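Participant: For reference, Swiss-Prot lists these features for the protein:
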SITE      His31  site 'Important for tRNA non-discrimination'
SITE      Gly82  site 'Important for tRNA non-discrimination'
BINDING   Glu175, Arg221, His450, Arg490  L-aspartate binding site
REGION    199-202  region 'Aspartate'
BINDING   Arg221, Asp222, Glu223, Gln230, Glu483, Gly535, Leu536, Asp537, Arg538  ATP binding site
Amino acid sequence: MMRTHYCGSLTEAQIDQTVTLCGWVHRRRDHGGVIFLDMRDRDGLVQVVIDPDTPEAFATADKARSEYVLKITGRVRRRYEGTENPNMVSGQIEVLGKEIEVLAASETPPFPLNDDTINVSEEHRLKYRFLDIRRPEMLERLRFRSKVTNLIRNYLDDHGFLDVETPILTRATPEGARDYLVPSRVQNGSFYALPQSPQLFKQLLMVGGIDRYYQIAKCFRDEDLRADRQPEFTQIDIETSFLNDDDIMDLMEGMTVKLFNDLLGVKFEKFRRMPYSEAMRDYASDKPDLRIPLKLVDVADLMQEVEFKVFAGPAKDPKGRIAALRVPGAGSLTRSQIDEYTKFVGIYGAKGLAYIKVNEIEKGIEGLQSPIVKFIEPIVMQLLERVGAENGDIVFFGADKAKIVNDAMGALRVKIGHDLNLATCEWAPLWVVDFPMFEETDDGKWTSVHHPFTLPKSSVEDVKSNPGEALSVAYDMVLNGTEVGGGSLRIYTLEMQKAIFEALGISDEEAEEKFSFLLNALRYGAPPHGGLAFGLDRLVMLMTGATSIRDVIAFPKTKTAECPLTQAPAPVEANQLRDLGIRLREQQKKEA
């Protein structure tokens, strides 16, 4: 072997031992004829000292520069008193270098790798990702990710799950986002689709008797990107037979508790289980951040008789909502701050942001500061009583279609909570349960809230007669306002699956064309089954404190789904397209 130890693993236990290290020059310093090299590998740093008593080694060290790859042999010794570095594992020792070999020289990197902070664009970092990964922060995140997947595998193995791979080349099925399509050369004119999830295959594995399945699965979705989205992402995919929803949630909660305890030293209590209706009512979100102790209060019933159309209209609209958000002690917010919050809710479609500052509530109307009080004077004190307002508070109001109010006020609640440092704890996990089975589109059609294979709590007859009232046996794990996992029990009878397709407007012919393999499987004794999928990238992002999942993926894509490193996606040769029976429109125009 080329080395005996990793740089970052050396401690006082190796004092007086001769060691051989391989790594990169993190920093080089020349102090009065003695050269100091901070050597770095994936485990960390160690200081190497080279003095003129070893002229060959000294000459080599004198030529070495940042990011040179060196092999160094030397003796471990204790650092002189006063030169210890308590911030390093190896901070009590150093290596007196005797032999140095340059394994590879390096050009000057396009950005420094030895600074704690990096002032360079993300795209530039991604273009040189092989260098960016060398930074200790990136190395630690990827190491942490490996620990997460290893612990998950061990947990699931210990609970009887089998690691089974499912196909990457499959067929397009309606799962909500656009598919990435792969043309077939052999079956000209036909296309594979890269899987958005292994959903149907894992259900078929349950029909096949696998009983407990898991997979660290690559998934692909051609959709608009955000901080927590990538065109290709990794899913911890899980499915079980003969367990109910409580069993599955308990099992997955146990895995999450172990993850946080073993890797972060964080101890979770029993996860709260919150119905979807409560989450939307109190937090205007199906993934509420419970660290923030602010709740919305419905006040539409009080607004129905006011003459102020901004409130009266939504109050009388069956699809409208008026929600109040009381922020204790925030009455000192300035007009410019309120204007910024007004702009913020505008991002979500809100037309404005009404507010009341409560200065001296005992004075009634005179003790309030607001441009809307004069329009709602008859009910304003009732409003304040309902929300529990006290002196020094401010109360914000959202009034519009329910979706706009929920999006705007839910986001405002979180933003104000962070801006004013209102969070009461570091971690707040919960399960959101009892989701609606369907939601109505603008054109009056039904669409699945999760996916069309989710088991409803309703009977077949109720699904057919009143789909809007159906709830699903679905559950999402939410952590700090982020959905880290979602799952459900699945439909396992042909009759129910056909009823769901019918409610969604999928004809028998279309169902047979797209899902014949699933429908056929349901004819041969499918067990009751269900599962869950965790977003690995998102989970690791939260656990490491990263601001984007791109910071916990080795080679991510940009927000425009491009790879600056490899220049993917890229044009291909004309003969490759001919083999696939494809001609680009641009080519056709040029040839014409």
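In case you wondered, yes, glycine gets a Cβ from its N, Cα and C as well.
As the structure is a computational prediction, the values presented were derived from the model and not from experiment.
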Participant: Pick the one among the recorded positions His31, Arg221, His450, Arg490 whose Cβ has the fewest other Cβ atoms within 10 Å in this structure.
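Facilitator: Relative to the other recorded positions in His31, Arg221, His450, Arg490, His31 has the fewest Cβ atoms within 10 Å.
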Participant: Measure from the CA atom of His31 (site 'Important for tRNA non-discrimination') to the CA atom of His450 (L-aspartate binding site) and give the result in Å, rounded to a whole number.
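Facilitator: For His450 (L-aspartate binding site) versus His31 (site 'Important for tRNA non-discrimination'), the Cα atoms are 64 Å apart.
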Participant: Looking only at the region 'Aspartate' (199-202), how are its residues distributed among DSSP helix, strand and coil?
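Facilitator: With helix first, then strand, then coil, the region 'Aspartate' (199-202) has 4 helix, 0 strand, 0 coil.
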Participant: When DSSP states are folded down to helix, strand and coil, where does Gly82 (site 'Important for tRNA non-discrimination') land?
Facilitator: coil
Participant: If the ATP binders are Arg221, Asp222, Glu223, Gln230, Glu483, Gly535, Leu536, Asp537, Arg538 per the record, what's the largest distance between their Cα atoms, in Å?
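Facilitator: It comes out at 20 Å between the most distant Cα atoms.
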Participant: Return one of helix, strand or coil for Arg221 (L-aspartate binding site), based on DSSP.
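Facilitator: Looking at the DSSP assignment, Arg221 (L-aspartate binding site) belongs to neither helix nor strand, so coil.
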Participant: Looking only at C-alpha atoms, tell me how far Arg538 (ATP binding site) is from Gly82 (site 'Important for tRNA non-discrimination'), rounded to the nearest Å.
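Facilitator: One finds 43 Å between the Cα atoms of these residues.
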Participant: Rank the binding-site residues Glu223, Glu483 by how many other Cβ atoms lie within 10 Å of each Cβ and give me the one with the fewest.
Facilitator: Glu223
Participant: Work through the recorded positions one by one (His31, Gly82, Arg490) and name whichever has its CA nearest to the CA of Glu223 (ATP binding site).
Facilitator: Arg490
Participant: Helix, strand or coil for Arg490 (L-aspartate binding site)? Use DSSP.
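Facilitator: Looking at the DSSP assignment, Arg490 (L-aspartate binding site) belongs to a strand.
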Participant: Going by DSSP, is His31 (site 'Important for tRNA non-discrimination') part of a helix, a strand, or coil?
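Facilitator: Strand, per DSSP.
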Participant: Hey, how far is Gly82 (site 'Important for tRNA non-discrimination') from Arg490 (L-aspartate binding site), Cα to Cα, in Å?
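Facilitator: Just about 64 Å between their Cα atoms.
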